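Input: a single structure, listed below in structure tokens.
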Amino acid sequence: MKLFQQTKQAKPSQAKDKDIKMSTIDNLKDRTTPVFSPDDVTVIFVLGGPGAGKGTQCERLVARYGFAHLSAGDLLRAEQNRPDSEFGELIRHHIRNGLIVPMEVTIALLEAAMRQVLDEPTAVTSTSSHDAGRKKGRFLIDGFPRKLDQAVKFEEAVVPARFVLFYDCPEDEMERRLLERGKTSGREDDNADSIRKRFRTFVETSMPVVDYFEKQDRVVKVDARPDPDQVFEATRKEFEKRLQLP
């Protein structure tokens, strides 16, 4: 199971020392100061309904700009399948029923994955060590935050996000994509009933997150209906403008 993607696929065994425990959750609940500085760590939240194409676009952004891609869904599924996880059954129940996993669990998994990326040795080739270090601290967080309280807690306890990259796509198109993916994905939530529950959850709980960041001029909205190449071109232009990337 892929925990995160940077320039290569990570192996689940690499994260054994980053397993989350109940003590980790308790620490997170009490924390009111971010553990990372936004001067050192850049976080972009990537949001959109189920099937909007977030993962596909994140892969392209990783390849182009050297960001690390953290998928909240992948992290939760990996934790669910970890044999000695304290939270596996809780995660399984929430995913199966199209519910949002308690935020402390998701945030703890994201923070652990960020630390894992930041702790890895950086290979320096044609870029300077300074540039390599800056790229190492760039994260795309896909499928999170799904509720407003998650956004507030993450920025309070981990690091403020630079902006939200929002992929806007009609529900009928997202359903078509997910049902097609479900033929081969093996994911238990890629079925019509779970998909519709996920749509309702997204509209009711995640759109307020987009509205919250939009009021702060921290949303980049991209039309996700065209083919992936066109969507990426629109994403690239907005991305480079916001982050002043070459």
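Placement of Cβ uses the backbone N, Cα and C atoms for every residue, glycine included.
Here TrEMBL flags GLY51, ALA52, GLY53, LYS54, GLY55, THR56, ARG181, PRO226 as ATP binding site. Residue density at GLY53 (ATP binding site): 23 other Cβ atoms are found within 10 A of its Cβ, drawing on all protein chains shown.
Residues or ranges marked as ribonucleoside 5'-phosphate binding site in TrEMBL: ARG77, LEU99, ILE100, VAL101, GLY143, PHE144, PRO145, ARG146, GLN150, ARG187, ARG198. With a cut-off of 8 Å between CB atoms and residues at least 6 apart in sequence, the same chain places PHE45, LEU47, MET103, ALA151, PHE154, SER206, VAL209 near PRO145 (ribonucleoside 5'-phosphate binding site), listed in sequence order.
If you look up TrEMBL, you'll see 71-101 marked as region 'NMPbind'.
Annotation comment: TrEMBL describes 180-190 as region 'LID'.
Closest to GLY53 (ATP binding site) in space, going by CA atoms and restricting to the binding-site residues ARG77, ILE100, GLY143, GLN150, ARG198, is GLY143. Taking DSSP states H, G and I as helix and E and B as strand, the region 'NMPbind' (71-101) has 19 helix, 1 strand, 11 coil. Here the binding-site residues are THR56, GLN150, and the one with the most other Cβ atoms within 10 Å of its Cβ is GLN150.
Among the binding-site residues listed (ARG77, ILE100, GLY143, ARG198), GLY143 has its Cα nearest to the Cα of LYS54 (ATP binding site). For ALA52 (ATP binding site), the nearest of the binding-site residues ARG77, ILE100, GLN150, ARG198 in terms of C-alpha separation is ARG198. Shown in sequence order, SER71, ASP142 are the residues of the chain, 6+ apart in sequence, with a C-beta less than 8 angstroms from the C-beta of GLY55 (ATP binding site).
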